[in-house]
Amino acid sequence: MTEAFKHISVLLNESIDGLAIKPDGTYIDGTFGRGGHSRTILSKLGENGRLFSIDRDPQAIAEAQKIDDPRFTIIHGPFSGMAEYAERYDLVGQVDGVLLDLGVSSPQLDDAERGFSFMKDGPLDMRMDPTTGIPVSQWLVEADLDDITWVIREFGEDKHARRIAKGIIAYQENEENEPLTRTGQLAKLISDVAPKSFKEKKHPATRAFQAFRIYINSELEEIDTALKGAASILAPQGRISVISFHSLEDRMVKRFIRKESQGPQVPHGLPLTEEQIKALGSADLKPIGKAIKPSKDEVDENTRSRSSVLRIAEKL
């Protein structure tokens, strides 16, 4: 890994401690990235421990293949396939811990050719796995005003969503303009159409770029499926540690843990026998502690950790 694309794992010790690693346990790192969390988990495992790591980014897979360790298995695919992978390796009900480090990694942001950053000019792509799906540039050509507005508002929580969407549509309808294929073009376009007051707080393209990335990679659907999959494959007392980086992700994780810790909700006064109530099932998880945020020292060392939140839950 080059120094330029170095990745600093966020909340590393806290997330690993949250898994309560057993030396002979079986663990899944749903987001290998550049291997910071995976390597730390391996360092805590004994010779009978096992780690399965997942990533859909081919560059992450290439990095993972450098690990020569019989206890380690890398799986190329989305973490939404976690339950399927667990069945493939006969792990259902035997996994002692799952770690999910959500969002985009520093190497993905720093590599202009991946098209994630509005700070560096590159192809307007944003796919976690460039071998599947379509790039943002193609989607913007095919989308209409309402589509673009909805994505920016829903996944970027940007109050200027329609204004930005109108700017994008107007740009593309002007035949004198070059096709919108570069991150630099899109960042400038958004900056040009954003209100002046909006520009003073942070780069006006921040939320729109986040929105397009989340949408093009189906990130929220992936997270929802991965959380359900993780809960279904954990052994009793198995742990799940989830690091999120923006409010949409954290709300999903928080609500999932809350829902799974409450069990089925039976309307008050509904005439059910004790056997019928038992048949509905019970709580599946319990939250461990409160949400954890990075220390001031970590934020000073890695400003990208500033918005991160760690939540931990245990299988009942």
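Glycine too: its Cβ is placed from the backbone N, Cα and C atoms.
Swiss-Prot lists Gly35, Gly36, His37, Asp55, Phe79, Asp101, Gln108 with the feature S-adenosyl-L-methionine binding site, giving sequence analysis as the kind of evidence. Here the Cβ of Gln108 (S-adenosyl-L-methionine binding site) has 22 other Cβ atoms within 10 Å, regardless of which shown protein chain they belong to. Following the DSSP three-state reduction, the secondary structure of Gln108 (S-adenosyl-L-methionine binding site) is helix.
Applying DSSP to the compositional bias 'Basic and acidic residues' (294-304) sorts its residues as follows: 8 helix, 0 strand, 3 coil. Under the heading compositional bias 'Basic and acidic residues', Swiss-Prot lists 294-304.
What Swiss-Prot records for 291-316 is region 'Disordered'.
Secondary structure from DSSP puts Gly35 (S-adenosyl-L-methionine binding site) in coil. Using a 10 Å radius centred on the Cβ of Asp55 (S-adenosyl-L-methionine binding site) and all shown protein chains, the other Cβ atoms total 27. The C-beta environment of His37 (S-adenosyl-L-methionine binding site), restricted to residues of the same chain at least 6 apart in sequence and closer than 8 Å, consists of Ser9, Leu12, Ser15, Ile16, Asp29, Thr31, Leu99, Asp101. The Cβ of Phe79 (S-adenosyl-L-methionine binding site) lies under 8 Å from the Cβ of Gly30, Thr31, Ile54, Asp55, Arg56, Leu100, Glu222, Ala226, Gly229, each of which sits 6+ residues away along the same chain. In the three-state DSSP scheme, Asp55 (S-adenosyl-L-methionine binding site) falls into the strand class.
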